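Taken verbatim from TrEMBL:
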- Arg60, Thr61, Arg110, His138, Gln141, Gly266, Pro267: carbamoyl phosphate binding site (BINDING)
- Lys88, Arg171, Arg225: L-aspartate binding site (BINDING)
- 9-151: domain 'Aspartate/ornithine carbamoyltransferase carbamoyl-P binding' (DOMAIN)
- 157-303: domain 'Aspartate/ornithine carbamoyltransferase Asp/Orn-binding' (DOMAIN)
Amino acid sequence: MSSELSVDHLLGIKYLKPEDIELIFKTADHFKEVINRPIKKVPSLRDITIANLFFENSTRTRLSFELAEKRLSADVINFSAASSSVKKGETLIDTVNNILSMKVDMVVMRHPNPGAGIFLSKHVNASIINAGDGAHEHPTQALLDSYSIRERLGEVKGKKVVIVGDILHSRVALSNIFALKLQGAQVKVCGPKTLLPKHIESLGVEVETNLKAALEWCDVANMLRVQNERMDISYFPSTREYVKQFGLNKKLLESLNKEIVIMHPGPINRGVEITSDIADSEHAIILDQVQNGVAIRMAVIYLLASKIKQ
Ligand code: CP
């Protein structure tokens, strides 16, 4: 196995090779052990400064990147667009170049525009990590999702994973499809036809519009949030109708002839894509996903920083 990533930035899973994912997981295994020790910090990145730039709201991603950076002993600065000079009209490039002039080595960025991280990587001299760009990619989410499947089921290869819900607006879906396919999993998507992108099959996934059939098939169901904030029109008749056809509840889960693992990237719309009794049950690994996010982000930052130091 290679000891370094094939990329200088993490802009999307699309740019990774299977060996990169394997290396990230092995490195995350080490950091997971570190963060379970009484002293949860390592001095690895004492000479690295990282800026977290969030142009969109976040709880899990923002906090776990910050924690991962601090566990690695990096210096950290945080920027939130809502309280910045972006509100006075400053551009993305000017904002980032001003931050980089303070000798920042790495930028973690969440932005509403697809491709914002790719754009930045071509214009600034720093390692860029995409923390979610519009409806495009959310690579560290897909890595922590696959890592959590590996932890629960032993491996990802050969596993049957269904991604349910609002596939059209979901960067989590696209990054998960790329990551799962790279690792040899079988993938189906399931949701209302209006929320399934045209030609999604060209990514090597199958489409299933019947939730019960999809659940009978799968080992893992990843229940996505309905992204109302990205919808300018109605994609289904009503929330009640959506819940009836694509919501996961205890009765439906108990009607299956098997046990399945339930995932959700968060934030959950409780009672819409999943009911509380399922979200909080032993079938769900939702909080394991969040916990694994810290180790995965430590691994990604550490591996990219090793390339800066060379
Ligand atoms: N899963 C995820 O990206 O959550 P946040 O938007 O809270 O970061």
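For all residues, glycine too, the Cβ spot is worked out from N, Cα and C.
Per-residue pLDDT, averaged across the domain 'Aspartate/ornithine carbamoyltransferase carbamoyl-P binding' (9-151), gives 96. Residues in the domain 'Aspartate/ornithine carbamoyltransferase Asp/Orn-binding' (157-303) partition by DSSP class (helix H, G, I; strand E, B; coil) as 64 helix, 24 strand, 59 coil.
Across the structure, Gly266 (carbamoyl phosphate binding site) and Arg225 (L-aspartate binding site) place their CA atoms 7 angstrom apart. Proximity of Arg60 (carbamoyl phosphate binding site) to non-local residues of its own chain (separation of 6 or more, Cβ distance below 8 Å) is seen for Gly266, Pro267, Val290, Gly293, given in sequence order.
Of the recorded residues, Arg225 (L-aspartate binding site) and Gln141 (carbamoyl phosphate binding site) place their C-alpha atoms 14 Å from one another. You'll find the Cα of His138 (carbamoyl phosphate binding site) roughly 5 Å from the Cα of Arg171 (L-aspartate binding site).
Taking the mean position of the Cβ atoms of Arg60, Thr61, Arg110, His138, Gln141, Gly266, Pro267 as the carbamoyl phosphate site, the remaining residues of that chain whose Cβ falls within 8 Å of it are Ser58, Thr59, Ala131, Gly132, Val172, Pro265. When the binding-site residues Thr61, Arg110, Gln141 are compared by Cα distance to Lys88 (L-aspartate binding site), the shortest distance belongs to Arg110.
For the pair formed by Gln141 (carbamoyl phosphate binding site) and Arg171 (L-aspartate binding site), distance between Cα atoms is given as 9 Å, rounded to the nearest Å.
Residue counts for the domain 'Aspartate/ornithine carbamoyltransferase carbamoyl-P binding' (9-151) by DSSP state, with H, G and I taken as helix and E and B as strand, are 70 helix, 26 strand, 47 coil.
Here Arg110 (carbamoyl phosphate binding site) is positioned 12 angstrom away from Arg171 (L-aspartate binding site), judged by their C-alpha atoms.
Checking the binding-site residues Arg60, Thr61, Lys88, Arg225, Gly266 against ligand 1, the ones whose Cβ sits under 6 Å from it are Arg60, Thr61, Gly266. Sequence-distant neighbours of Thr61 (carbamoyl phosphate binding site): residues of the same chain at least 6 apart with a C-beta under 8 Å from its C-beta are Arg110, Ala131, Gly132, His138, Thr140, Gln141, Gly293.
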